[in-house]
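**Student:** Handing you this structure, nothing more for now.
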Amino acid sequence: MDATACNESVDGSPVFYLLGIPSLPETFFLPVFFIFLLFYLLILMGNALILVAVVAEPSLHKPMYFFLINLSTLDILFTTTTVPKMLSLFLLGDRFLSFSSCLLQMYLFQSFTCSEAFILVVMAYDRYVAICHPLHYPVLMNPQTNATLAASAWLTALLLPIPAVVRTSQMAYNSIAYIYHCFCDHLAVVQASCSDTTPQTLMGFCIAMVVSFLPLLLVLLSYVHILASVLRISSLEGRAKAFSTCSSHLLVVGTYYSSIAIAYVAYRADLPLDFHIMGNVVYAILTPILNPLIYTLRNRDVKAAITKIMSQDPGCDRSI
């Protein structure tokens, strides 16, 4: 649509109106609210438990678990960016967002999405060094290197979405812009504009492709080398032990990219709009809720640390 057709607000700052899931009857809003609330609480508790376990247990003060802390922190921030507003929408009918709030939510959602992809690459590199270069592992993965890798992942992810957000903020909108989504997803905000959406849609697609496939390629490359090293181990017990150190990370990577695949398939043009929205909602919730379960059930060290914390008697006497 031509920008001249816009009925822009006098102060130039439009208000965004979230339409949520358009075909969902209001009678289902309360059940959906409780479902999302349950998921959100599980995400917060699961990831907080991982954080407490790693910090409190000295045996987990290793590079692998340092990066796990980053991943759990990301999962908490990632869902907190979107889910509270969704809860407010379904419980209170709170659909309005200011221009700046919407852009901030969009920026944070994109940044944390990128951060998760990059942290998974760093975790794959950690497993690569541990299995392919075990004798050099303490030197290569020292605390300074770990902090640099994590900081680089966060900083790159914080910078990458800025051009898309700035360009989106410069588009023309009606005084009340209707967003067909439960939160301010980039594509949904762009489509709410009355400017030409093609350049911004292409930019968003290109960023999504880079963030999705380049990290995946690096993860796969790491595991090709890991597999080659494991196959050179003569004993079956040694192979099984090497693979077991990677199993949790592999499951997390599989979950993350499965949720991305669901979101991409949902954006097919021939699917109803509700599929687009639900695909993104699944993407926003699936990985953060499964990551703690995977590391709790599959990783013996984390499982033992959590069991130790949960079994402690808060009323026991402590030495002064």
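Including glycine, each Cβ sits where the backbone N, Cα and C put it.
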**Student:** So, in Swiss-Prot, which cysteine from C182, C184, C194 is disulfide-paired with C102?
**Tutor:** C184
**Student:** Would Swiss-Prot have L24 on the same side of the membrane as S193?
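**Tutor:** For L24 and S193, the topology recorded in Swiss-Prot gives the same membrane side.
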**Student:** Does the transmembrane segment (146-166) come near the transmembrane segment (32-52), with 3+ Cβ pairs under 8 Å (pairs 6 or more apart)?
**Tutor:** no
**Student:** What is the pLDDT of the topological domain 'Cytoplasmic' (222-245) when averaged and given as a whole number?
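**Tutor:** Reported value for the topological domain 'Cytoplasmic' (222-245) is a mean pLDDT of 83.
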**Student:** Using DSSP, what is the helix/strand/coil residue split across the topological domain 'Extracellular' (84-102)?
**Tutor:** 13 helix, 3 strand, 3 coil
**Student:** Residues sitting near the topological domain 'Extracellular' (84-102): Cβ under 8 Å, six or more positions beyond its termini, same chain?
**Tutor:** 13-20, 29-30, 32-33, 36-37, 40, 169, 173, 179, 182-184, 189, 281
